[in-house]
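Report on the following structure.
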């Protein structure tokens, strides 16, 4: 029985939180009236047990009254966008910010341990309620003498605490939903009040009280008094917030600004596609190369279970069998570790997601996946999800790219075409993507969006969680989404149909830069690939992801054909990548490849088909069959150039048939020669007078330049000699004097 009294005492201690700044008298707030026997009545019973019973009974009545009188909270499609500015980010350990009022150390007595869960839950709610940043939090339970040990108090308070904790967790992700659940929460308050009353009555043994110190009795009486004010003020606060919600909330669920931010850390930019890399190798690359050199993020190849093909071709990753995280790159534990390590290095992770289709039929059935699942594509049977024939579009092949319905409802290369309008299919996709968000990813590359209806993708995107704030994302921010849509302006599906959903891959960029640096197009055409010059030619800059090549078109698949530059034409390829990183248009992605001669060839592997690690060669390039364009000095240093000039204007364009030059404010200058001839010319660099080291031909080492030195005069001009197919890039950090 002593244990029971300690439980009751602990519960009353937990309620000791004052909420100044809210006035809610018996007459109500905003037309809301509340009959309030608990707030205003005096307490007649002198016996503490009777007093507890009385207060519990009144607490129950008030909870029921609040439930009846609280106005219906309106539904909001996406209230988080407006509400998130009030939320407090959490640290990677899950605790609130270190200077928050609730960061107190618990003492080790068992009474404190028994109530710590409730105390944390209540304090977290207070931290999340707008306008209560200065409100004192539930204090530590004072050290109580002569308290015996006791069991788990959750038998009495578990339902209440669990409801509060669940509501808090939901409220962090969706505050509108939290307030809509108030009515569901109040019955738990009523039920626990009944429980308290019943337990209190059973404790009416006067002999028990003789063994409890007077200090505890007085403390319990004081806590009972404060409990009434606690309920009054919390009710007032909830009512106040609930009534103001309609003015705060706006449906911005389809506002593209919520999905076009890649969440690069300060001083970082650019995405690297580490095609077919293992998770453990990606983590090391983040720590050793990407983070230190200012890369912003990594696109990883599809990570969920996919077909095991006889030849282990690269395209097997694009034939999913289930959504279990297990691939040639590693398992879920290794993936989670990679995300955390890359985040600590300042590098974000974006997952390539394949949800347009499932694995295609093979020569026989069943087919086997990388996690051990089997499937029968001919029967449309994928038990690892599970999907069956009802989850797919009718059998047909794409044969008319001018017909959007044919492109979206029929099969791409005999791959069974999922019906994304099917609610079950949507739910499975959303569960998978939300799980990845829980693991800390920053967003997704959505494969084959051209073959899915925008309205179906919209239905999926609006139901995704925010990015996980535990990984240092802004509270409530939506995941970055970049969608593969091949649109060269000649087919029935347009990339512009997808720009209100997120960023779109701009394949016209690949063709344009490839043409210029192959020499088939004049250099002055590069002006069309700047933010100001691209209007009407390319997608708006904020809606475009740009790249020189990707895993498809470097193998002759998709768009571009012979215009596409790859690592196999190194000099021109470096020029194209350097321009992509130096200009002010779009979000840039750099390809990181492995050597191949057969377009179907998979990544480097050992004798048991385990992917080889890239390793480090003497010059910091890759070994074991990997190309690693992102490690090439010219590209690595252009990432640093890009980060330094970020936000500055692109101006003073100086263009001829074979050269193209421009300034990035007064921070940097770059010039390109796309001809087979050496060209010497005077350029305005916009930089202060001095000697500068060209970061393409060399770098600054111990105050000297290992490459070409450019002399800039007092007017900011310089005479520069450009060898054939070359670049000169200088910026403030490369100044020697």
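From the backbone N, Cα and C atoms, a Cβ is placed for every residue, glycine too.
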Pick from 87-116, 267-296: which stretch is listed in Swiss-Prot under region 'Disordered'?
87-116
Just to be sure I read the record right: 356, 408, 417 are listed as binding Ca(2+) in Swiss-Prot. Which of 451, 551, 557 is listed for the same site?
451
Residue from 403, 406, 550, 553 that Swiss-Prot also lists as binding chloride with 445, 589:
550
Remaining residues near the recorded Ca(2+) site, that is with C-beta within 8 Å of the centroid of the site residues 356, 408, 417, 451
357, 393, 407, 409, 410, 411, 412, 418, 420, 448, 450, 452
How many whole Å apart are the CA atoms of residue 445 (chloride binding site) and residue 417 (Ca(2+) binding site)?
19
By CA distance, which of the binding-site residues (356, 408, 417) lies nearest to residue 550 (chloride binding site)?
356
Secondary-structure category, per DSSP, in which residue 550 (chloride binding site) falls
coil
How many angstrom lie between the most widely spaced Cα atoms of the chloride binders 445, 550, 589?
12
With neighbours defined as other CB atoms within 10 A, the best-packed of the binding-site residues 408, 445 is 445
Inter-residue Cα distance where the pair is residue 589 (chloride binding site) and residue 356 (Ca(2+) binding site), in Å
23
When you rank 408, 417, 451 by Cα distance to residue 589 (chloride binding site), which of the binding-site residues ends up on top as the closest?
451
